[in-house]
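Novice: Pasting a structure below so you can have a look.
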Amino acid sequence: MSGTATQDATRQATAPAAQAPSSQSSGEAFLLVVDDEPNIRELLSASLRFSGFRVESAASGEEALALITEERPDLVVLDVMLPDLDGFTVVERLREQTRRQQIANPAGLAARPGRPRPADHLPVLFLTAKDGTEDKVHGLAAGADDYVTKPFSLEELIARIRAILRRAGGPAEDGRLVVADLTLDPLAHEVTRDGRPVSLSPTEFKLLHYLMANVGRVVSKTQILDHVWAYDFGGDLSIVESYISYLRRKLDSGPEHGAKLIHTVRGIGYALRRPPQQAQD
């Protein structure tokens with residue numbers, strides 16, 4: 001990708017972010033962003049997170065295929081020009097894998113835990129500087145659900161992502177989050193661990209929701225304070241430490257609980273992570 005295209009796309013991706021809607025409107029859909037340009041990848045990921053999506057990213061086609069297998073996102077935002085496999089090949093491999101799975105299991109693939117959408121069709125949206133008609137036809141014929149060219153409008157991109165998710169069934173309609181044996185239901189305001197109810201205060205619930213929405217990602221104390229308290233405590237980071245401690249007592253301590261989920265990343269912040277055996281599922 002040329003430097004001019006990168007700069008234009010970066011400006012377009014970041015300009016509307018301040019007007020992005022709240023996380024409730026996206027249902028916490030999990031997106032994988034694949035782009036070999038670090039600036040585009042990081043800024044787009046940040047803008048999509050601000051818009052309420054959970055986001056993981058990859059810099060190559062091979063890395064994307066591995067993450068799709070491991071993390072099972074709800075939708076992939078995919079560049080065409082990648083350093084190893086181009087985006088067209090990535091989509092073709094995904095669709096071929098789907099065909100093989102359907103032959104092996106004609107009754108259909110099992111749905112993801114907490115997701116109503118069957119796993120046999122992963123929505124893909126191309127986001128690329130290749131804007132020729134032949135490129136667009138190639139991408140859609142390969143199996144993509146949509147094709148957006150750079151530079152792009154973030155508002156339009158998000159609208160297209162949500163439209164694809166609606167057609168595909170999207171994330172769970174009730175917005176439930178599931179990590180290993182931990183389930184959070186935002187509508188019922190309920191949390192269970194291994195099927196047992198966990199009683200949380202409103203602030204504890206909001207904190208856990210934020211950690212689960214960013215599963216596997218390290219979030220700083222400042223980020224937590226911003227999203228959970230909106231700096232109501234004047235930037236006092238000790239309140240974050242206290243509430244992390246409260247959550248750990250209720251979720252990670254005692255023989256009745258499973259593997260530890262909330263981890264401290266010294267000098268940075270915290271991460272809620274799947275146990276090792278879950279991370280490979």
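Just so it is clear, glycine is given a Cβ too, placed from its N, Cα and C backbone atoms.
Pulled these features from TrEMBL for this protein:
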DNA_BIND  174-274  DNA-binding region
DOMAIN    30-165  domain 'Response regulatory'
DOMAIN    174-274  domain 'OmpR/PhoB-type'
MOD_RES   D79  4-aspartylphosphate
REGION    1-22  region 'Disordered'
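Help me picture where these features are in the structure shown.
Specialist: Note on the DNA-binding region (174-274): mean pLDDT across this stretch is 85.
Using a 10 Å Cβ-Cβ cutoff, D79 (4-aspartylphosphate) registers 27 neighbours.
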Novice: Which residue counts does DSSP yield for the domain 'OmpR/PhoB-type' (174-274) in the helix, strand and coil classes, in that order?
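Specialist: Its residues divide into 35 helix, 23 strand, 43 coil.
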